[in-house]
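Heads up: the structure comes next, in structure tokens.
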Amino acid sequence: MEILKKIIPKFKGKKVLVFGDLMLDEHIWSRVERISPEAPVPIAEVTKIDHVPGGCGNVAVNIAALGGQPFLIGIIGQDSSGQKLRQALALANVPDSYLIVDQQRPTILKSRIIAASQHVIRVDREDKTALSTELLKKVIKQVKKVLTTVDVVIISDYGKGLINKELCQILIKAARQQKKFVAIDPKGQDYSKYQQASIITPNLLEAGLATGIQINSGPALIKAGQSLLTKVKSDFILITRGREGMSLFSAKKHLEIPAVPREVFDITGAGDTVIACLSLAVAAGAKLDQAIALANLAASIVVSKIGTAPCFKAELAAALEGHEPIIKKIKSRQEIIAIAKNHKITGAQIVFTNGCFDLLHLGHVRYLREAKKLGDILIIGLNSDDSVRGLKGPKRPYIAELERAEILASLECVDYVIIFPESRPDNLIKLIEPDIHVKGGDYQIDDLPEKKLVESLGGKVVVIPPIKGRSTTNIVERILGKK
């Protein structure tokens, strides 16, 4: 366990090429309270709609959420879904500069109608036709351009027409020549296009389909795993088996990894999380069995969420430490948008404040307690390490962002914490639209730069005076004997 804990901080900055079928996942949240008089089907009353990256986009989102640096290559259309996908990627801190636009092909869109935390129906809009020769050349050029700069490669095949044998083999051979780890999330029956990959990660159904073996027993599972190894000549086959865990096959061993017990709400995107975490761990220097253990834990975290959602670095670290209830308060931009919308629907008053909160002290705690009294939900925007350095100088922060976030999340008065990279909270304020924006200090409300923005969104600004003599600077100076 201690070894796994040491791997997670090494995720930061590792570069991962994520290549594959890119799509937009649309979640249509609804209430179902009656049956249609036109036909015996439920009537779904829409309460909200959100959009998140799907397919290999979700793999890239998981890489970013875990602290890595994704280089995402995929194809989108020149359409509104493509624009929404770019916006969703930006919210997840995934660059879209390597995406390729196909004027003739629509962006793949998967719409899921959800009611009472259950999927009612999914509607897919897609074009699976093969790529044109011109577009194929563009993709190959983009892939080769990025390949030299990354640590590991992920190919995410959803069977949507992009990952053909020629393209797949060009990428695998080029990557292996550069001694790069290549992980593949496969699709379909023909695995010959994945030959010589480092690892292939089919689920139980996919492994059965690819081998023609009905996997309904231990011996059948072993036969399927060994069959795939022989066919594709990969170093490893990792068959993911849901509640039954994972099975790893290589020429030398067969290893069973039990699932982490967890209440399962939604398995959407769990395979994306597995391959993202596994590859990032390998890039960070982990042995494969260690990488799989982390990926297994990460998957157990995402299946307890509803809809397409990533596993965050803080969540993974907390699961290893046993601190999950606290860490669940730390949210991404995508999550905080949905949370704010949900609370607004119920009429709850959202209070927002922001700051560095470096070396949390009594002044901070009393300030946050007073802020919470102003409404129902208290959300804290926490400056990232880089933004603290920009604001406070190169020697700050004293405490790293994830530790500061966990300390804040442990306070009863705090409902949610979100780390943001900017020096000012304007973008967060636009996303959250707080009813009350709170500042601590000797400010005049009219002098606050956020006042105009908050009021334009229908909120108000409140200033809470500080406790004299209570500041991070004073504490540090006393420790150093300067006061």
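A Cβ is built for glycine as well, from the same backbone N, Cα and C atoms used for every other residue.
Long-range Cβ proximity for Asp272 (active site), meaning a same-chain Cβ under 8 A and a gap of 6 or more residues, is found for Gly55, Cys56, Asn58, Val59, Asn62, Ser156, Asp185. Secondary structure at Asp272 (active site), as computed by DSSP, is helix. What TrEMBL records for Asp272 is active site.
A 10 Å cutoff on Cβ-Cβ distances gives Leu205 (ATP binding site) a total of 11 other Cβ atoms nearby, all chains included. Under the heading ATP binding site, TrEMBL lists Asn203, Leu204, Leu205, Glu206.
Residues or ranges marked as domain 'Carbohydrate kinase PfkB' in TrEMBL: 14-312. Mean model confidence of the domain 'Carbohydrate kinase PfkB' (14-312) amounts to 91 (pLDDT, 0 to 100 scale).
Annotation comment: TrEMBL describes 352-464 as domain 'Cytidyltransferase-like'.
The annotation region 'Ribokinase' is assigned in TrEMBL to 1-328.
If you look up TrEMBL, you'll see 352-483 marked as region 'Cytidylyltransferase'.
Listed in sequence order, Ile215, Ile239, Thr240, Arg241, Gly242, Glu244 are the same-chain residues six or more apart from Leu204 (ATP binding site) with CB atoms under 8 A from its CB. Residue counts of the domain 'Cytidyltransferase-like' (352-464) by helix, strand and coil are 45 helix, 26 strand, 42 coil (DSSP-based). In the structure as shown, the Cβ atom of Glu206 (ATP binding site) sits within 10 Å of 21 other Cβ atoms.
The residues near the ATP site, meaning same-chain residues not in Asn203, Leu204, Leu205, Glu206 whose C-beta sits within 8 angstroms of the mean position of the site's C-beta atoms, are Pro202, Ala207, Gly208, Leu209, Ile239, Thr240, Arg241, in sequence order.
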